[in-house]
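Taken verbatim from TrEMBL:
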type	residues	note
TRANSMEM	12-30	transmembrane segment
TRANSMEM	70-87	transmembrane segment
REPEAT	390-423	repeat 'TPR'
REGION	466-589	region 'Disordered'
COMPBIAS	466-491	compositional bias 'Low complexity'
COMPBIAS	499-518	compositional bias 'Low complexity'
COMPBIAS	566-576	compositional bias 'Basic and acidic residues'
Amino acid sequence: MSALWAALAQLHFLRPWWLLALLLVPLLAWRLRARARRRSGWREAVDAHLLPHLLEPGGSATGGAWTQRLALLGLLLALLALAGPSLRKQPQPLWQSRQPLVVALDLSRAALARDLPPTRLAQARAKLASLLRERAGGQVALVAFAEDAYTVAPLTDDAGNVALFLDALAPDVMPADGQRIDRAIAWSQRLLQQAGFPRGDILLLTDHADAAAIAMAAKAAAAGYRVSALGLGTAQGGVFETPTGLVQARLDAPSLRALATSGGGGYRALAADAADLHALGVLEPRQADGAAARGAAVAQWQDDGAWLLPLVLACFLPLFRRGNALVLLLAGALWLQPPPARAQDAGSRGGTLWQRADQLAHARLQAGIAAYRTKDYPRAIEEFSGLTGADAQYNLGNALAQAGRYDEALAAYDRALRQRPDMADARYNRAQVEAARRQQQQQQQQQQNQQQQQQQQQQQDQQKQQQDQQKQQQPQQPQQQDQAQQQNGQQSAEQPASPGGRQEQQPGQQDAQQSAGGQPPPDAQQDGREQAQADAAQRQRMQEALHKRQGQRGQPQGEVSGSVRETPEQRERRLANEAWLQRVPDDPGALLRARFQLEARRRREGGGP
């Protein structure tokens, strides 16, 4: 009952306005009842209070009443079905409703001008970081341009990934200097079109615009892409250094305003706060044509009104004159459901027209990828295991590696490489997993060695404790020796004691010989007990100090850590490595520079982007 009440608590209607039509059901019932009474011929000839006594029960009137009741019940159920009752949710693809944004940054030498302290480039980096941090959704891409335009980061939902490239942006990463704003607009439009967005925003960060740029902005606006401009610099301008000397760079606001007007966007000068970004509308993306977001889903309520249709049909079928007995059979047949189809059954039969084996394999591959992205590695391994393609085996290796099953991951990578020997990603991941497996084996071996050493040390400690206990019991032995010496003293009482006649001296023997009664003096016994107690206390302190040292270093007693004491050869090697690392130049833009140079060479050889 608790489960039923919990399900009813979640019941709600997707189209609740249809429930207002339920008010018509009582009105219709009253109309049908009044109509039935008027059509009865006996009412005109017989008084109403005598009709129940004269008419036979179970007549046609009674049968017609039941038919009307079933019809009203069917109408009631039909209205409930139209209201859309819902008890469950199912994940549905999430559709991206935000317009994408492509930011084009001017990386010509004019970006080094100091009219915006410390430089225009530093101010542009800070502004882009604020934009990426405060933008409310939507995909973002970053383009750098000088003589030509190049993609720094493609369109992505992860703004943090784009922010990683900001520190590497500098004029020296560009293959050639220049300010081809028209090429930046054309390249940004191409990125949006390749991603399948019919609408989008292009934001330029530069100090002026020429006629070619204004014309290109008009073309982009005609294609559905809004072009806006954010001015870098001041009207007074600033100087920057070029190979031919110093050059003055000033902000040309009218030309940028004309570019924005031609591109259907807006223009603002660079501000210290986010007012310029709010005015351009890039922080709150506009609604765009729906585009499915990859890997995203949202739970939506499902319409369960269709399950009421068999009851609706069963209520209306008795309205037919003949075949009433067939109604029950038809109503029962509506509730018969086919057995659930299983993927493995369809695969064993070779698939059907709408569920072939290759489609099932693709569905399992997508399910495994979705589980891998959500870090559900056991589910991903289960989905990938039944697939034999190179991509599936590669993904299986990744999932097994994430789950810590390195041997099985290496076997999966090997199967992928046998099918596609040129798969560089699989080769690289295999090398990484192989290194991780060796490191794991080394750690396991070290743990085993440490356990063995700890066991040996424990045995040594137990033996040492036993020896200490035996040493502590030794002061009790003189009493036994004193009794033996008393007997010897009685035999040699008349002979003088020779100090050099003893080969071994034990505590209490000398005093026993000197004492007349053969018993040691009380002072000597007290000194022996105090010495034994002092030795025991000293040994206890040494044990505590050793245990404390073992707990701090995490190693068995008596073992010297190699990481604390290094040999002269190790110290010399470490210093040499540190000196070599200090000679490595700190160049965060090296990767972008190499990538842009390769792209420029490809464009020259191919005749264009």
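Placement of Cβ uses the backbone N, Cα and C atoms for every residue, glycine included.
Keep in mind that TrEMBL annotations are predicted by a computer and have not been checked by a curator.
Break the compositional bias 'Basic and acidic residues' (566-576) down by DSSP state and the numbers are 9 helix, 0 strand, 2 coil.
Taken through DSSP, the repeat 'TPR' (390-423) splits into 27 helix, 0 strand, 7 coil. Confidence in the repeat 'TPR' (390-423), given as mean pLDDT, stands at 87.
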